[in-house]
Amino acid sequence: MLYSQRSRPRHREVTGPQPHSVAVVAKFPSSRPRDFAILERRRHEEAREQILTFTKLNTTERVKNKWARVTDQKLLHNMVQREVYRTMEEYKMHLNERRERLSTLLEREEMAYIKEMEAMEETTLERQAKMRERVKSLREKREKERMDFIAEKRDQQFREQCEELRSLRSQIHLNEVCTERMAQIVLKEELNRQRKEEDTIFDQLWEQDRLAKEEQEEKKRQKRIELNQEIACLQKAASEAQKMQEKRLKEEESKLMAEEQRLIKLEEERNLKEKQQNKLQVKSMLEDSIRLKMKRLAREQQEELALDMKILEHVMQGYQDDTEEKRQRKMELRKEQQLYREYLAQQLEEEKRQEREMDKMIEAELEKSWAKKSEQMRKEKEARKRLMKDVMDTRRVQIQEKLERNAKLQEELAHDKELLESATEEHKQLETDRNARQMKVAQQYQRDLVSQVAYQQSQRQAEREEEQREFEAGLTAEKAYQNKLREILSRPYVGHENIHPLRRGRISSPKDWLPQ
């Protein structure tokens with residue numbers, strides 16, 4: 001029992017020297033500061049504010065990006081609409097101007113036609129005069145044609161009959177052909193040189209453009225990588241902070257649950273201790289009652305034994321004195337003893353009765369005292385139970401509030417996590433769309449370059465084919481010309497209709513080409 005008393009849990013209540021006096025031991029000062037809960041709450045609120053600020057900033061940036069994208073699209077759409085509207089207005093204006101010009105021209109033509117119709121109303125004399133004028137002009141024209149024909153025939157006859165003129169014309173024509181051929185070769189070389197220079201310039205420009213675009217793409221890629229790394233670091237930091245917050249909330253929740261279990265266990269131990277104390281008190285009272293009863297029975301037995309010893313001594317003493325007087329005395333003594341025994345029996349009975357009454361009174365007093373003490377203990381127990389219940393209820397309410405607050409914080413953290421994940425997914429989707437657009441633009445640019453190169457190659461091939469055709473046509477023309485020249489030189493006459501107009505002028509004036 002001493003070990004159980006020594007190892008039982010200690011409480012803050014200590015009984016005093018007087019009945020119903022209880023003292024409360026002071027609590028040990030907490031190692032935490034007084035405003036620990038306030039500081040902890042502030043720290044939680046600051047962390048939550050930081051997460052909310054980050055989420056709000058991310059949402060704001062996403063809204064800004066979306067607004068900028070929509071604004072750019074609207075600006076582009078409005079610009080295209082304005083350009084289309086301006087083009088349509090210009091087209092309508094040009095169309096109206098053209099209609100006005102055509103209507104004005106139509107009016108002028110109608111007026112001219114009317115005037116012409118009015119002017120055509122002529123008399124017979126005017127018609128005869130016009131007919132005479134027409135006959136005269138026709139006669140002059142026919143005479144001019146006849147004179148031209150005669151001059152041509154004379155010139156033709158001169159060319160056919162002059163051998164020196166024929167050889168000189170052949171030499172001049174040959175010189176012109178050589179000069180034109182040399183000019184064609186020089187022009188071809190110049191065109192080839194210009195084309196090569198243009199190809200070189202185009203290659204340099206294309207290479208510079210390619211390098212500039214590669215450098216720009218590299219800068220964009222580095223910028224995207226840095227931005228993605230920064231976003232990944234921010235997401236990782238937010239995720240780590242959220243994990244730490246969740247871990248701290250879970251630890252706090254487990255601590256609160258453990259504290260609640262500890263309070264329940266303390267309440268159960270207190271109830272068990274009260275039951276044990278009640279049992280010990282009842283046992284102590286029963287032991288005290290049994291001890292008093294045993295003392296009383298032992299005292300009665302000792303008194304009876306003393307009385308029997310005294311009577312036995314008188315009897316033994318009577319056997320030693322055998323005189324009559326003594327016998328008589330013995331008889332008297334026996335009577336006295338009998339009376340005394342009866343008196344003692346009466347007194348003993350009276351004492352027993354008084355003791356029974358006293359026991360009853362004591363038991364009644366004990367019962368009354370026990371009832372009073374039980375009532376007092378019950379009241380104290382009820383007061384302690386109420387106090388403990390209030391403390392437990394308050395602590396339970398505090399724990400429940402903390403659990404609800406932790407659950408709310410966990411819900412907010414989960415919501416923030418969902419927002420962060422949605423923002424991350426949206427950023428990834430935007431990055432994917434942007435990469436796809438850039439890839440599409442790059443592919444389109446590559447296709448344009450390939451088509452441009454193919455077009456340039458086809459153009460060059462067409463130019464080479466055209467040059468080849470021109471060269472072949474030149475050779476054919478030269479060959480035909482030589483054949484024609486030989487044919488003309490072999491014939492006595494060459495007509496003017498097969499000579500170039502520029503050469504015809506030179507041939508028509510012999511003073512320009514005849515030697516002086």
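The first residue you see is number 1, and the count goes up from there.
For all residues, glycine too, the Cβ spot is worked out from N, Cα and C.
Note that this is a predicted model, so its numbers are computed, not measured.
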Subject >> Which range of 203-223, 455-475 is region 'Disordered', per Swiss-Prot >> reply: 455-475
**OP:** Write down the single range among 228-254, 255-281, 417-443 that appears in Swiss-Prot as region 'Disordered'.
**Re:** 417-443
Original post:
Counting only residues 6+ away from its ends, which parts of the chain sit with a Cβ under 8 Å from the region 'Disordered' (455-475)?
Top reply: 181, 184, 188, 195, 202
